[in-house]
Amino acid sequence: MEEKPKYKRILLKLSGEAFAGEQGYGIDPAFLEYISHEIKNVYDLGVQVAIVIGGGNIFRGFQGKEIGVDRATADYMGMLATVINALALQSALENHVNIPTRVLSAIEMRQVAEPYIRRRAIRHLEKGRIVIFAGGTGNPFFSTDTAAALRAAEIGAEVLIKATKVGGIYDKDPEKYPDAVLIKEISYLEVINMGLKVMDHTALTLCKENEIPIIVLNVKEKGNLRRAVLGEEVGSVVRG
């Protein structure tokens, strides 16, 4: 029996930290190969896949203070880090799993990426290409989570999948507290009121206003991404 995906178009948010693998910094080739195959398993269902990547494996905005850089400049440095990750993932998707991939950057740099144009992004998706959005929103003071929510709304994605290293949303940090409880389903407002670190308020509000459900899952568990897209119960869902 042919498996039917629940969603036709998805926005996948990958953190920069995931790219670092076990070493904690830089880009781990093993993760690139792994995530390429995980994405291909979703792509092969006929799903249109757009991706937003963080840059935390290379540079994080709050590091700016330590080196005497102001917040806006530090954020721009972080945006450039996302472009490095986007190019690495583009190469992996094209070389490991042979999927045509386009990088669209919110900060113009025509030699390495196409400029972000909403209609062009949608056209690429319709033509069966994977689209990677780099450069965050193109503005300082906005996180890549907010960029993910914004792009999801702009392209009409039916779901935002936040790929993390934990099994979903917990009532407290599962890495610190072994008795942390997984929350299967929760509303946007509850996430904000409980102070859960799923996404920042700007990103959550964008998803709420545009009725985009958020699935938080452990991307390191093989097949999770595909199961989520098929509508199976994986991780946690934020909606309503």
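Backbone N, Cα and C define each Cβ position, glycine as well.
From a predicted model like this one, the values you see are computed outputs, not experimental measurements.
Looking at 21-26, 63-68, 231-236, the range annotated in Swiss-Prot as region 'Involved in allosteric activation by GTP' turns out to be 21-26. Among the candidates Asp28, Asp70, Asp75, the residue that Swiss-Prot names alongside Gly55, Thr137, Gly138, Asn139, Pro140, Phe141, Phe142, Ser143, Thr144 for the UMP site is Asp75. Per-residue pLDDT, averaged along the region 'Involved in allosteric activation by GTP' (21-26), amounts to 85 for this model. In this structure the C-alpha atoms belonging to Phe141 (UMP binding site) and Ser15 (ATP binding site) are separated by 17 Å.
Taking the binding-site residues Gly55, Gly56 in turn, the residue surrounded by the fewest other Cβ atoms inside 10 Å of its Cβ turns out to be Gly56. Using Cα positions, the member of the binding-site residues Thr137, Asn139, Ser143 nearest to Gly56 (ATP binding site) is identified as Ser143.
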